[in-house]
Amino acid sequence: MFLWLVIVLTISASVSSYEHKLNWVVPPANSSESFNDWASNKRFQVGDIIQFKYKKDSVMQVTKESYKQCNSSHPRFYSNTGKTRFMFDHSVPYYFISGTSGHCEKGQKMIVEVISRDHTTTSAAPPAAFAVLLCFFSLSLYFVA
């Protein structure tokens with residue numbers, strides 16, 4: 001039973017997707033933070049979802065060149081629903097800009113680096129390690145009781 005629990009917890013920790021939530025607004029003029037700062041502090045994997053929340057705005061996925069130029073004329077993806085969910089389906093950089101005139105130039109743009117699910121890094125270890133620790137603790141309680 002212990003081994004089965006370890007396997008189930010490890011598998012569930014490694015294959016589940018995550019939903020990242022973001023308030024998609026024009027950054028304040030005096031802000032030193034950017035959406036790229038936010039994105040670089042997150043770990044995005046294939047299958048993860050990003051939820052953009054905004055009012056009277058839009059979000060576009062664009063090419064690298066369109067991102068650099070804040071060009072919204074040919075988006076790969078466009079939404080203006082106020083609550084947009086976007087799923088990452090490839091391990092590539094994704095480029096997002098606001099489709100509202102002038103917003104991208106004011107910093108409402110972001111690059112998201114997405115890695116594959118089988119990509120291993122040191123930050124992937126804690127969920128599995130936590131599952132093993134939890135199972136060990138549970139097993140210890142079983143033998144003590």
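Note: Cβ is positioned from N, Cα and C throughout, glycine not excepted.
As written in Swiss-Prot, here are the features:
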DISULFID  Cys70-Cys104  disulfide bond
DOMAIN    18-116  domain 'Phytocyanin'
CARBOHYD  Asn30  N-linked glycosylation site
CARBOHYD  Asn71  N-linked glycosylation site
LIPID     Ser116  GPI-anchor amidated serine
SIGNAL    1-17  signal peptide
### Task
Pick out which of the glycosylation sites Asn30, Asn71 has the most other Cβ atoms within 10 Å of its own Cβ.
Asn71
### Task
Based on Cβ atoms within 10 Å, give me the single least packed residue among the disulfide-bonded residues Cys70, Cys104.
Cys70
### Close in space, distant in sequence - the residue listed as 'GPI-anchor amidated serine', Cβ under 8 Å, 6 or more apart
Gln45, Val46, Ser91
### Asn30 (N-linked glycosylation site) and Asn71 (N-linked glycosylation site), distance between Cα atoms, whole Å
24
### Message
Which secondary structure state does DSSP assign to Cys104 (disulfide bond), in the simple three-class scheme?
### Response
helix
### Task
Rounded to the nearest Å, what's the C-alpha distance separating Asn30 (N-linked glycosylation site) and Cys104 (disulfide bond)? Just drop the number here, would you?
16
## Note on the structure
For the domain 'Phytocyanin' (18-116), the DSSP residue counts stand at 15 helix, 37 strand, 47 coil
